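Here TrEMBL flags B:20-39, B:45-70, B:82-101, B:107-132, B:144-166, B:193-212, B:241-263, B:275-304, B:311-330 as transmembrane segment.
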Amino acid sequence: MLTRLLSGDTPRSGLLTALLLIVLISLAFAPFLFPGTKSLETAARICIFIVLVASYDLLLGYTGIVSFAHTMFFGIGAYGTALALSATGPTYTSLIWGTVAGAVVAAVFALIIGLFSLRVKAIFFAMVTLAVASAFAVLVSQMSWLTGGEDGLNYRIPRELTPAFKLIDEKILDVRINGKLMAYYLVFFVSAILFLVMLRIVNSPFGRTLKAVRDNAFRAEAIGYRVVWYRTTATVLSAVMAALAGSLLAIWLRYTGPATTLSMEIMIDILLMVVIGGMGTLYGAVLGATLFILAQTYLQNLMGVAAEATSALPFVSTLVAPERWLLWLGVLFILSVYFFPTGIVGRLRAGRA
Amino acid sequence: MSETSIKPRIEKVPLSEQFFQKLPVMLVPFLAVAGLIAIGNPASWLTLTVAGLAMGMMIFIMASGLTVVFGLMDVINFGHGAFVAVGAFVGFTVLAWLAGWTTSPSVIMNLAAVLIAILVAMAITGLLGLAFERVIVMPVYGEHLKQILVTMGGLIVAQQMIYVVWGPDELHLSRPEAFQGSWVIGEAAIEKYRLVAVGIGLALFVAMRHILKNTKIGLLVRAGVENGEMVEALGYRIRRLFLIVFMTGSALAGLGGVMWGLYQETITAHMGSEIMVLVFIVVIIGGLGSVEGCFIGAMLVGLLANYTAFLAPKVALISTIALMVAILMWRPQGLYPVVKAK
C-alpha cells in the first residue's frame, strides 16, 4: 500500500528514509511541535517549495532541460489566485477558479515557449526562458492597474482560512485551532498530494521515456519517441505544478507581489535547492528545499555569531557576515555540481550500495 | 546534426542567394526608417537613433566574446555578466582614484583617466576570465547542463564577492568633464558620450573583423568554429586558443561594463545579470557563434529598445522579446548561424 502510494519509488536507503520521515513528521505536526508564528511560516514555505522544487526537478533532473522561467509559472499561478480573490471577493469559487485559470495560463505559456525553443537546443531554451521570464517580471511590475505593480496585491481569503476563524474554542496541546491552522493543513495536504502525483508521473512509462530523452535524445528519437513532444509535455507539466504551488503561496501569504514570486533570486534559490538536494530524484527536492529554507531562516543567525566572533579580522568577518550566506551556498552549489551531481540523495543511496 | 559538411567556395553563388544572405544587413536601416516614420519628428529621431546605436555598440562589445566562445568550444557562459559587473566596479574604482584627472577641464587628462580605467578593468576581467575558465568551465567541457549550472554558480559567487569587496551599496560616479553634455545639431541634442561609445564600438567591430579575417589566429578561430577536431588534428592546441578567446571575451565584457557604467553613471552588483538578458537576446538573434550576426542583432536591439522607450515606454523590454520571436520565426537558428545545432 505504502509502496503503491509512493509509486514503487522507495527511498532505497535507511538514512534517507529516516531523514524523509523526520521531514514528513515535522511538517505534519509542525503547529504542535514547533509553536510560534515564525516556525509555522517556515513550515508552510517548506511545503510549498517542496512542490515547486520537485516540479523544477521534473524538468532539470528528469528531462535534462534548464529553464529560467520557472518563477514565471510560479508567479502566474500566484497572480491567478490573487487576482481572482481580489476581483470577486473571498469565496471558494473564486479561489478555485483563479487557481485553475492560473494553471491553464501557465500551461499555454509553457506550450508556446516549448514549441518555440525546444526544437533547437537545450542551451537555446535556457537563454530564451531567461529573457522571457525577465520580460514577464518587468511587465508585471509595470501593469500596476492590474497587478499592483511593485507593491503587489493584498486580498482577503475565505474566512475559514484566516486566524479570526475559530474551529473549536479549547486549545489542543496549547495550540489554538483557528483558521491559520486550517490554512496550514490545506497547504500541507495539497503539497503532499501534488508531490505524490509527481512521483507517479516520473515513475510511469512516460517518466522513463523522459529519462531516456535526457540521457540520449538522439537515440530516443531513433527508437521512435518524438523527443520534442516529450520535452514540451514535461515543460507543460512542470509549469502547471509550479503554478499550483504559486496558488498555494498566494493563499498562505494573502499577499502576492513580484518579490515573493517572480524575482530572479527565487529562481536561483530553486536551482540551488534542486542541485544540492539531488537532481533526478524527487526526494532530493524534499531534502534540498527543507535544508535550504532552514538555512535561509536560521543559518543567517549562526553566521551573525560567526561574524561577531571574527570581527577582529576585517576581511574574514565580511565574508561570514549574515548577508553573505548566498556566497557560501554558491560555492557549495559549484562543488556539488562537480563532485556529487546526484546531490545529497545520490550520496545517501550510493553509500548504501 | 544533419549536414556538417563544409561547402567548398568554388562555385559562384547565384545573385538571388547572395541577396538572401545579405538580407539581415538591410534590417538595421529598415528599422531606422521605420522608426523615423513612427516617430515623425526628425530631431528626436536623430537623438534616439544615436542613443540606440550607442546602446547597441555597448551590448555588442559585451556579447561578442560570449558568442565567439560558444562558437569555438560549445561553451555557453551564464556567468559572463559577472565580468561586466566586475569590469564596471574596477573601472569606477580607478576613476575614483584619478578624481583629479577626471574633473580637470583638460580633455587629454580625461581621456587618459578613462583609458587607464578601461585598461585596468580589462586586465582584471581578463585574468578573472582565465581563472573562471580553468577552475569553473574546464572540468565540464561538453556537458551543457553542467555548464549552465556551474557558470550560474560562478555568477552567484562573483556577485557576492562584489558585495564583499565593494559593499552592498550601488556606486555613483559622474562622467569625466569631456564626456558630459551634448552637441546640438539643428534641434537634435546628441550626448557626447554616446558618440564616443559608437566610435569605440565601431572601431572594435572593424578590428575584430580584421583579426578574424586577416590574421593567422583569426583563421584558426574561424577554423575551430567550423571544425575543431580538424584544427586539432593539424597540430594546433585548440584548448589554448580557446583560453585566449575566453580571456579576450572576458576582457571585452569588462570593457563593456566600464562603458555601460559610465553611460548609466550608477552601477550595482547585479547589473551584470540584468544586462545579460539583452546580451542573450542579441546572441540568439545573431545566431550562436557569429560575430557579424551579433553586431546586427545588437544594433537592432539597441535601436528598437530606444524607439519603443520613446513611443510606448511600458513595452520596451517586451519589444525586444517580440523582435527575437519574429527573427526566430524567420530564421530559427538566428540571422547567421555559424554553429550547427547539436
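Note that Cβ sites are derived from N, Cα and C of the backbone, with glycine treated the same way.
Residues 13, 45, 48-49, 293, 296, 299-300, 303-304, 307, 310-311, 335-336 of the same chain lie 6 or more positions beyond the ends of the transmembrane segment (B:20-39) yet place their CB under 8 Å from a CB of it.
The stretch with the most CB contacts under 8 Å to the transmembrane segment (B:45-70), chosen from B:107-132, B:241-263, B:275-304, is B:275-304. Sequence-distant contacts of the transmembrane segment (B:144-166) (same chain, at least 6 residues past either end, Cβ-Cβ under 8 Å): 74-82, 85-86, 89, 93, 128, 132, 136-137, 269-270, 272-273. The list of residues near the transmembrane segment (B:275-304) in space but at least 6 beyond its ends in sequence, with Cβ under 8 angstroms from a Cβ of it, reads 24-25, 27-28, 31-32, 35, 49, 52-57, 59-60, 62-64, 66-68, 70-72, 78, 80-81, 84, 205, 208-209, 212, 225, 260, 317, 319-321, 323-324, 327-328, 331, 333-339.
Using a Cβ-Cβ cut-off under 8 Å and counting only residues 6 or more beyond its ends in the same chain, the transmembrane segment (B:82-101) has close neighbours at 62, 109-110, 112-114, 116-118, 120-122, 124-125, 128-129, 132, 154-155, 158-159, 162, 165-166, 171, 173, 176, 250, 253-258, 260-262, 267-272, 275-276.
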